Amino acid sequence: MGLRFRKSIKLGGGFRLNLSKSGVGYSWGTKGFRISKSAKGRTRKTFSVPGTGISYSTSSGKSKRRKSTTAKQNYSQSNTDFTEQIPVDPKVQRIKKIAITAIIAGLVLMMIGHHESDPLHITLTSLGYIGLIGGIILMVIKNRFGKNE
């Protein structure tokens, strides 16, 4: 039995920041739909019928590899050395982190400022859209030019 830690912080607009022993994740949604990104990179989409307890979830992303229980076959080294480690460019990693941060910040700012019409909330909403669009553009650039991740 292991020690577990989890803290969920509601930021408004259906957005939550989830803190756990393995890192920081986030989720966004309303009654009937939620999308979550875990600290380990897994994404879960949950669709539900509110008040019934009926739900459907799909998961994607990084998963644990299961060890094969079948007998291992012996091959020569020359036949099994097909893969080569491709180094990940640190610039691509940095662009990815900046893009994800911009998207999250954009969503949070949009949710904070979308209900009011005073100048502060309009500015927050505008910054949210700029962050969201900028993050999406950075992700497109990363996917187009940084194929080695």
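Glycine residues also receive a Cβ, built from the backbone N, Cα and C atoms like all the rest.
Under the heading compositional bias 'Low complexity', TrEMBL lists 51-61. Remote same-chain residues near the compositional bias 'Low complexity' (51-61) are listed as 38, 41-45 (criterion: CB distance under 8 Å, separation of at least six residues from the stretch ends).
Secondary structure counts, DSSP: the domain 'DUF4236' (3-57) has 0 helix, 37 strand, 18 coil. According to TrEMBL, the feature domain 'DUF4236' maps to 3-57.
Under the heading region 'Disordered', TrEMBL lists 44-79.
The transmembrane segment annotation in TrEMBL covers 98-114 (among others).
Sequence annotations record features per position, and here TrEMBL assigns transmembrane segment to 120-141 (among others).
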